[in-house]
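A.B. asks: Below you'll find the structure I mean.
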Amino acid sequence: MVCHRYLLGLGASTLCLRRLAQYPSTEYHGIASRHRSPGYYAYILGNFNISNEEQLFSSVHSLANNDSDVLPVEDNGTTNLTGTGEATSETGKEEEVVNEPYNGNRMRNFCIIAHVDHGKSTLADRFLELTKAVEPHEIQGQYLDNMELERERGITIKLQSALIKYTYPKDGQVYSLNLIDTPGHIDFNHEARRSIAACEGAILVVDGTKGIQAQTVTTSMIAIEAGLKLIPVVNKIDVPFCDYESTVADLTSLFDFSEDEILMASAKEGFGINEILDAVVERIPPPKINLDRPFRALVFDSQYDPHRGVVSYVRVSDGIIKKLDDVVFLGHNLESRITAVGVMMPELRERDVLRSGEVGWLCSNTKDPSKVAVGDTVALKSAVKDNNVEPLVAFAPAKPSVFAGLYPCDGSDYMRLSVALEKLKLNDHSIVFEPSESSIAGHGFKCGFNGLLHLDVTVQRLQREFDVGVIVTSPSVPYKCILKNGKEITVSDAAHWPEEGMVKVSMEPWTNVTVRIPGDCHKKVSNLLTQMRGEFQKKSEFAGGKSLVLEYKVPMIEIISTFFDNLKSMTNGFGSFDYEGTEYREIDLCKLRVLINGEEAGGLSMLVARDNAYKSGRLLVETLREVIPPKQFKINLQAAIGKRVIAALSIPALRKNVTERCSGGDPSRKRKLLENQAKGKKYMAEIGNVSIPFDAYKAVHKALR
């Protein structure tokens, strides 16, 4: 019998009570409360053994008729997660776990799909705790989120994998479950796609207090198209305002689930964990086993180890692989010899062999990160020579939606930044970069990202993991323009924009935006999207109008500015959005040049709509006047289109009172001192340099967005 501290949320529905009654022989310890609202008494069934629906309702009505202010509670303060399934071995018997007998029918590969903060990492922690894959004293919040940045932000940035062992109670057999914890933020959707490629099934986790979010729907559709079996789970049912019934209604209408398929859980309290693992065994099919074919595997992730070189995470499709086997990475035709293979538990542990259907890692003593690409196929060398190997389906190339320049704070760190980006791309294949040069920041790279959060995380990883500080220019999107000579080019920054008069037609990217919001926020969010030049497409209602899905077409440049922050603010944190697809529409663009004392500051120039050029130019020079420190000479700030200045301001010179000691006497003496000072300032203005602080880039971007 399983013991749980369990609180079913305020306003629990009849449907929720019926679903709770289906969980077999579960003893619930009570939690005291003074609330007496209908349905709330399902939260506490102190020491009742619940085996059927009739007994459940009898217990609830008994509690409801209790007139005392505080219900009596007996609680030993413990939470037992051992459940009906058991771990196959205690920690310390690592060799038995790693090199266990192989049985493809008792293998399951699955990932967790959920929006940010819906509880997927906490659920993964409960899996590890229940199956004793990790010692209880080692378990900490977000255990699989091993990056310091992930713990600080409370989000998953990198996919993580772990092999866990679970004894299925109905047949007593031990099953190998390969769990992959995936990111939920839209900017890291590429990580979720790679997880899906390595699995046959997925647990779809939805926060019962917030409902289904837009990004969850998008990722789930990708999983369905890939043929994955989904297991729906409503999480956080211990929270008093969990709306279980509405969440179930949304799941059934969006994905055609039956109510019986949907599981309820509280990852925080450990309720429903056994039922989820049982469903993984029962519903997700085992991988296809092809042991008789030559070895072939898909590289779905990788990282760089200073001692081993490139460590590739693979899903083995065919055959077996072991140490000292000769392989070929088909993408770059790289021949190499395997130095080690193993599994993630979740730490990397070596084993003797990897077989068809398994998820693991391999090292080939490759030191060049650029030679091993995520999505590549690795195959046995002998089979490649016999032309007996076809590449597995690779991932679609990354298409960045946001571009920004990264320049080292110290000009001598250019090569260090180059090496750091190469190693980072090994772990995050969606980053694209190419060398660039700025008249202000010097040599650096123009980089492409999936969004502003992706950009921010990359900058912080460069600082923390590689100790390389960078200057970030204002983010932009890829524009297209047709020149008067008929040539079409793509431009992502002002530095590469053609000269004024050469462009015949310019175009900006638009995208399809899906916004999911509470029903009472409809007017505010619609007005926001209209201000962003958005075009309404469709509105859908869920849960009787409590939840709305709005579809708009919006310029990409508007999405990457402050839309996310504004949406969260207007919806009290409950709004979410997703965007996909790109189309180009005509717009009259121009390059807004920034001149400082007559010289162009290329790093601060930007592309703007010609209709807004005068407003943007004025705002730009006003912002620069606030962030550029004054000198002993006058600094002229100008915004120009081509050779025409459209806005101008100046920063007055610092003035020293050279006549301070001339208290009286001939006024010609004072005039002479002032003339000499003026000559000196003129000379300094001719030879002096104006230093632009690093914060100027951020200040300008914030002001114009």
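Cβ atoms are placed via backbone N, Cα and C, with glycine included.
When I checked Swiss-Prot for this same protein, it listed these features:
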TRANSIT   1-20  transit peptide
REGION    72-92  region 'Disordered'
COMPBIAS  76-90  compositional bias 'Polar residues'
DOMAIN    105-288  domain 'tr-type G'
BINDING   114-121, 181-185, 235-238  GTP binding site
A.B. asks: By a simple count, how many Cβ atoms lie within 10 Å of the Cβ of Ala114 (GTP binding site), its own Cβ left out?
C.D. replies: 29
A.B. asks: Note down the number of other Cβ atoms within 10 Å of the Cβ of Asp117 (GTP binding site), including every protein chain shown.
C.D. replies: 17
A.B. asks: Using a 10 Å radius around its CB, how many other CB atoms surround Ile237 (GTP binding site)?
C.D. replies: 29
